[in-house]
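Feature list (source: Swiss-Prot):
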COMPBIAS  9-18  compositional bias 'Basic residues'
COMPBIAS  113-125  compositional bias 'Basic residues'
MOD_RES   ASP89  3-methylthioaspartic acid
REGION    1-30  region 'Disordered'
REGION    103-125  region 'Disordered'
Amino acid sequence: MPTISQLVRKPRAAKPLKSKVPALGNSPQKRGVCTRVYTTTPKKPNSALRKVARVRLTNGFEVSSYIGGEGHNLQEHSVVLIRGGRVKDLPGVRYHTVRGSLDTAGVKDRKQGRSKYGAKKPKSA
């Protein structure tokens, strides 16, 4: 344990914080190209077929990105925008695709929480 005078000479160094989204590199979003679009199963105790895309980003990183919402139009070579945000029951998936931007269509017939899924306000009759 250091003495007070040692701490005065050289204060304690704070541990550098490790990023949870290293591929974004201090950007809010990044653009990329889908290299593979597939479904995968979540960890126990959940059960589903989660839609995931493998994306090669403009900075060279290749990451797995979750495609939220019901139904999507993504396929190989689609250009997508990804943001941070992990999926707790899918190990290794630390990014989300942004719906309604670039080649990703918004969710059809979405009435509530539309902004998160890139859905336009429906025309009221």
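The backbone N, Cα and C atoms fix where each Cβ goes, glycine too.
For the residue listed as '3-methylthioaspartic acid', other Cβ atoms within 10 Å of its Cβ number 15. Residue counts for the compositional bias 'Basic residues' (113-125) under DSSP (helix as H, G, I; strand as E, B; rest coil) come to 4 helix, 0 strand, 9 coil.
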